[in-house]
Structures are given as C-alpha cells and as structure tokens.
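Structure first, commentary second.
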Amino acid sequence: MNLFSPKEVSQLLKRYEIHPKKSLGQNFLVDGNIIQKIIAAAELKEQDIVLEIGPGLGTLTRDMSFYVNEIFAIELDQRMIDILQETVGSCDNVNIIHNDALKLDYQELISDFIEFSPAQLQCKSKQINPKNLKAVSNLPYYIASPLVLKLAKEKVPLSVMVLMVQREVADRFTASPGSKNYGAVTVLLDCFYEVEGVFNVPKTVFYPQPRVESQVVKLTKRSEAKINDDYQEDFIKFVNQAFNSRRKTLVNNILSIFTGEKSELSQILENNGFSAGIRGEQLTVDEFAQIFKIIYNRIKYS
C-alpha cells in the first residue's frame, strides 16, 4: 500500500469508514521526502528507542522502523489502531499502544529498556544508552505544547525530540524575549532543551489538507538544565505565574506565590539590576533563572 498517495489513503480511510477528525488533528502526511527529512533531523540509529505520539496511518512509523531498535507508537483513536495493525502490525520492532499521550506514564512504558533511579532523578542503562531514547512525531496540533511540557516535567530522559507542529506552536517554542509569541512554554523548554526550527512544511503535503502551515522543530536535551532538579517544580510554578497576565509587572504576577511584601520583591529586583516594573516577556531565560534563584533564596516560598 502506498501511504504517500492521497488517493490510496482516501480509499484506506473509506474502507475503515473513517472520517478524519479535526478535533484530533488528523491530517495525514503523504510526502516521502518530508518523512526522510524528519528521519535525518532525528539522526536515527539502529540502537535508538523512539516514542511516536499520534502515528495516524503509520506512514512515519513504517519508515522509521527500518532505522531503529524499537518504536512505541502511541495512538488515542481506536479507529487508527485498527489501521495501524494493517500498515505496521507486521513490523517486529513496532509496539502499537492504545492510550492517551497526555496521561501515559512514560517511565513505566520504557522501563523494560531503561531502569530509573528516582532518588537521583537519573537513569541507568539496561539494554540501551539513554542517549538513544528519542521522540519523533507528527504531533496532533492540539497536544503539542502540553505534551512537550509533560515530558520535560516528568524527566523522561529523551536526548532529542524532533516534532512536526503547527507553525504557530513552533513560533512559541522558538520565540525571542519581547515578541508576542514569547511565553511560559518558551522559557520552560529553553531551560531543558536547545530548541531550533528545522524546516517549514507546506499544508499541501497532508491529506486532508489543514488550514495552517507546519514546522519541524528539534529539541536537544541540555547536558545540564538551567535550574537544579531540586527547584524545578517551584521554577515551573514561578514561570507560569510570571506570564499569568501579560499586562501586569513581574512583581504583581508573582506576588501571590511568595510570602514577601511587594516592596520587598521590588527592592530585590532593583538591587540586582532589574527594574521593579519589568514584565515577564522582557526577560531572557537566563534572567528568569537568575531572578528565581535570588528571590527563592531570600523569601520563603509559599
């Protein structure tokens, strides 16, 4: 079956009486060149374990299976599971998993390949080096941001994520301070990953065609996160609160999560070279980390 042929894809969907759901972001990639560019960006190797979220018809899954050790293809829609059994069910290294990617316990999922040590928040290799654990997906648009943040927060030791996302989402991932797209997701991802846009994807390479353009982004895990593990949960809370209202100053946004007075917070900022009236979107990621560490060390967190 030629999954790069819109006509054959249409026939396949009709055979299973499936009408793609916009609510699930079901626009299927039908361009082999784009598939190969995604695989090249991920630098897939035969030792790699790949998480693929939203495999759809299995187009990317099938091509990746020739390059890697194992694939965990996680699909929410039971109708797609039936198709995947036909298109990639015969691939020995593809595990089709019917589950919600936003609720799945990823550490449990890959425990057969990696032994986790919660006390050290690290992982010890069983069968593979953690550097060989990657996520490669044409993500359903509606889950892109929450999924990537979930993987970061839960410390799933992914060395690389290569993801196709809506262009608007990619712009938020890679935004610069002061821009309209710069927000909490930008800051948090940059703390854990080096984020780059790889290439744009036109809507014409999908069936059915979406209304928006896409972009493939690459997130490479930093050798050391910008915030120590012990403080990451509080830092995430801090950053989210800093962008709670873009029209408010940083001090006014974060006041509710600290026990200190507003004047004390303002004074701390000014003593360290920052304006008391600065807003979250004006700060670089490194400045966010710097301010958090200063305030955290001087005022008890509520």
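Using the three backbone atoms N, Cα and C, a Cβ is placed for every residue, glycine included.
Cross-referencing D92, D100, D112 with the S-adenosyl-L-methionine binding residues that Swiss-Prot gives (N27, L29, G54, E75, N138) picks out D100. Of all the binding-site residues listed (E75, D100), D100 has the fewest other CB atoms within 10 A of its CB.
The record assigns N27, L29, G54, E75, D100, N138 to the S-adenosyl-L-methionine binding site, and the maximum Cα to Cα distance across that set is 21 Å. Under the DSSP three-state reduction, G54 (S-adenosyl-L-methionine binding site) is assigned to coil, being neither helix nor strand. Other Cβ atoms within 10 Å of the Cβ of G54 (S-adenosyl-L-methionine binding site) number 24 in total over all chains.
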